[in-house]
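Enquirer: Handing you a structure now.
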Amino acid sequence: MAFVGRAARQPRGQARAVAGTAAPAAERAVSAQGVEVSPTSAPSLRPMREGDLDAVMAIEQRAYPFPWTRGIFRDCLKSGYPSWVMTEHGLVIGYGLLSIAADEAHVLNICVAPERQGRGLGRHLLRALVKIARDQRSQRVFLEVRPSNPGAIALYHSEGFNEIGRRPRYYPARDGREDALVMAIELVADDITTMPSL
Ligand SMILES: CC(C)(COP(=O)(O)OP(=O)(O)OC[C@H]1O[C@@H](n2cnc3c(N)ncnc32)[C@H](O)[C@@H]1OP(=O)(O)O)[C@@H](O)C(=O)NCCC(=O)NCCS
């Protein structure tokens, strides 16, 4: 998660629909009568809107010891940063935000509601964000993560992100400040088959 001040960075384009963003069937939803609910109620992604911010803040405050403020989310929306919510049965259960400038993208926040973590949803969100970056012609994606967040680090490594540096004392922490690990992934062009033969 990026430590973002109130002044959001330069905007670049509104969020666009992501192809193939149906989330994994992380679990089968079963009604009180024991009937499986329709597959259409499986988690899906859609652009975040201002009206989502109560639900987003409720997750943010439970998921992070040092949560973003509502103002930071609002600034991201106003700036047109690609901002997505994952919903299930109409309820927000996670979200992810990116900034994209020139040919670089930055994962600003990725979060799954604590009670829904560990079921593949974070991986799905991360892949969707990387796809958005790729679709907007980004060549690499960066993110920051606390060294004290091994679950997130394992997710990023397993999706091909590598540690490229550290930002000393980047995050607030209970006993002062905590460094950020900076991780990045290079996005290889999909259209390699269109290259001229040698
Ligand atoms: C980080 C986060 C987004 C991951 O989402 P998630 O839905 O819990 O993760 P997934 O179920 O998709 O797991 C994907 C991989 O992440 C890793 N992982 C996730 N939670 C882990 C944990 N508690 N311990 C170790 N590895 C973990 C594993 O490699 C896992 O792959 P596996 O299931 O094949 O072993 C989620 O835990 C979260 O929202 N945390 C709070 C907010 C946060 O820290 N965001 C990241 C800021 S940089």
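Using N, Cα and C of the backbone, Cβ positions are placed for all residues, glycine too.
Sequence annotations record features per position, and here TrEMBL assigns domain 'N-acetyltransferase' to 43-188. The active site, proton acceptor annotation in TrEMBL covers Glu144. Residues or ranges marked as acetyl-CoA binding site in TrEMBL: Asn149. Residues annotated as active site, proton donor in TrEMBL: Tyr156.
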Enquirer: For each of the recorded positions (Glu144, Asn149, Tyr156), count the other CB atoms lying within 10 A of its CB, then report the residue with the highest count.
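Expert: Compared across Glu144, Asn149, Tyr156, the most Cβ atoms within 10 Å surround Tyr156.
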Enquirer: From Glu144, Asn149, Tyr156, which recorded positions have a C-beta atom under 6 Å away from some atom of ligand 1?
Expert: Asn149
Enquirer: What does DSSP give as the helix, strand and coil breakdown of the domain 'N-acetyltransferase' (43-188)?
Expert: 50 helix, 59 strand, 37 coil
Enquirer: How far is it from Tyr156 (active site, proton donor) to the residue listed as 'active site, proton acceptor', counting Cα to Cα, in Å?
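Expert: Per the Cα atoms, Tyr156 (active site, proton donor) and the residue listed as 'active site, proton acceptor' stand 10 Å apart.
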